[in-house]
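Engineer: I am attaching a structure below and will ask some questions about it afterwards.
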Ligand SMILES: CC(=O)CC(=O)SCCNC(=O)CCNC(=O)[C@H](O)C(C)(C)COP(=O)(O)OP(=O)(O)OC[C@H]1O[C@@H](n2cnc3c(N)ncnc32)[C@H](O)[C@@H]1OP(=O)(O)O
């Protein structure tokens, strides 16, 4: 018998303000931030002591001791300890992927409620000991005699004391996300002016959303921060124009700066999903439903495709399955990994050759109404604690759709390291 499905409701979200790396949350761990974020959601929706179907979250940068970070965060929170919890990892798509997993289980009737989230800290990044030193220590721990111990220690060299830090780089190319994106920006001819304009709009939209109280029930102050630390309401195209390029600097016309790239950030987010019945029986709101989702991957190693271009491939699959066009949305949330990531994705959808040759479409997907893009700000202004970004976007878009009224539709597009992308449709 085919499983009966239903659409998962998004009840609400919570996040802590995002901090810049090595700043307000420098002393906080992933577990601290995720636990605080869960507890904010628990308080908001009266979930103290409640057993939920599942909590699914993750972090891109994790200490080895955090083998199931999400479960530990649940145990540290005021949710019932009988709530199952586990980690997922899909780079910057983690938070959205977690929401999709929870939504799918709700859709299949396997659970009635769940929380999806994500957390990351670049301040408390895990350092690993040198690989050869690790082997020495393993040999030492299994040595039985003094001679075996001395033999193991004889292999130690000074260079082995240098720790290995996680690199913001692709394992198969050695290039950072920014260097990869600089190649894409050049391929698509994305101008510095357009990138800076998009960045300024992100700051203005985020500041305006805070000012109108949009985040009052989405963001809980934490460790002295009430708003995202990276937010600069007074930034301008003129100020951004003064910044030196930081990626692709081998090119005299390099365009990517600290102002049109996301900063390294710390933070956490969580979203409460449920069946309509579960929400109604507790008198809780339904902001929107998660209607459908899609992932895609591109070959950024040998295939000549941009590392962060996979959402461009995922969206047409999602549109076709749902009988929609790219213009059938009231709001678009395209994660601003870099301003040029957003602009290259939009350019790809407008480009007849790309849509025909790469996406196999008869006609381009076309342009979107850019006044409907990232209307409450996005990662360039808020910051981008990798795994936390998806939850920020799902909660903000659901609330935006709810405010706009019934029957509104939003598209989420999140690029991820490894040449992957996660996209989803929400409807109020
Ligand atoms: C991971 C996935 O799966 C997918 C993805 O999302 S990919 C994206 C992943 N994220 C990244 O790769 C992070 C990329 N960012 C970085 O590496 C760093 O933030 C960076 C190299 C871009 C900049 O680092 P930095 O130099 O420490 O930045 P920062 O000191 O904040 O800014 C440099 C200058 O620009 C200025 N500036 C930055 N933003 C500004 C703004 N909006 N307005 C005005 N000035 C600004 C700062 O004030 C600073 O000026 P001073 O030197 O005079 O103080």
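Keep in mind that glycine also has a Cβ here, set from the backbone N, Cα and C atoms.
Sharing the features that TrEMBL gives for it:
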type     : residues : note
ACT_SITE : 92       : active site, acyl-thioester intermediate
ACT_SITE : 384      : active site, proton acceptor
ACT_SITE : 415      : active site, proton acceptor
DOMAIN   : 9-276    : domain 'Thiolase N-terminal'
DOMAIN   : 285-427  : domain 'Thiolase C-terminal'
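If you look at the structure here, what lies around each of the features I listed?
Structural biologist: A sphere of 10 angstroms centred on the C-beta of residue 92 (active site, acyl-thioester intermediate) encloses 31 other C-beta atoms.
Taken residue by residue with DSSP, residue 384 (active site, proton acceptor) is part of neither helix nor strand, so it is coil. Its Cβ placed at the centre, residue 384 (active site, proton acceptor) has 26 other Cβ atoms within 10 Å.
A 10 Å cutoff on Cβ-Cβ distances gives residue 415 (active site, proton acceptor) a total of 32 other Cβ atoms nearby, all chains included.
For the domain 'Thiolase C-terminal' (285-427), the model's pLDDT averages out at 98.
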Engineer: State the Cα to Cα distance, in Å, between residue 384 (active site, proton acceptor) and residue 92 (active site, acyl-thioester intermediate), rounded to an integer.
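Structural biologist: Here the two Cα atoms lie 9 Å apart.
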Engineer: Do you know offhand how many angstrom separate residue 92 (active site, acyl-thioester intermediate) and residue 415 (active site, proton acceptor) by C-alpha?
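Structural biologist: Residue 92 (active site, acyl-thioester intermediate) to residue 415 (active site, proton acceptor), Cα-Cα distance: 7 Å.
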